[in-house]
Amino acid sequence: MTANEDQEMELEALRSIYEGDDCFKELSPVSFQFRIGDLEDSKSFLLEVSWPENYPETAPHISLDAFFNNRISLETKQYILSKLSEQVEANLGTAMMYTLFEWAKENQETLMENHQPVTSAVTLISNSDVVNNSTSVSKKKEKKEQLTKAQKRKLIGRTDNKGELPRGWNWVDVIKVS
């Protein structure tokens, strides 16, 4: 079998196995994303895998550069990639995507055991940005509530030319029935 035939067969297998699974996403016929763990789980991560021309004879490209992984430290990413590359070496020459994804799911705790969520990011801000931000915040406070067209029509129908409700708009009629 040629590399392309192997890729076609593995692609069909992946589509049938992960159909309806929101953890698996096919970006292109040779590029995939697989989320390990739940969305709310701080120890979840997103694997991006793409196949080179001669896959599975050649190792796939595995990346953790997705924005989803920005809270994971560089050391943890390197550890995950090194462990995954060991699995790739063991399975070289065979269809390995399912094996890699399942291995990562089974070993998620081990892979993320030293994970400390990165909560603070260093950003460089100039003084003009700070001044601009403070003025835009005060402008936002002055902004009036936005009304829909229907709400505006209803309000206009009830108000006079000054935008005030007419005297007695909320009075209740008292009718004496004899």
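Heads up, the Cβ atoms here are built off N, Cα and C, so glycines get one too.
A TrEMBL annotation is a machine prediction, not a hand-curated record.
According to TrEMBL, the features are:
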DOMAIN    9-111  domain 'RWD'
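Under DSSP, residues within the domain 'RWD' (9-111) fall into helix, strand and coil as 44 helix, 20 strand, 39 coil.
The domain 'RWD' (9-111) scores a mean pLDDT of 85 in the predicted structure.
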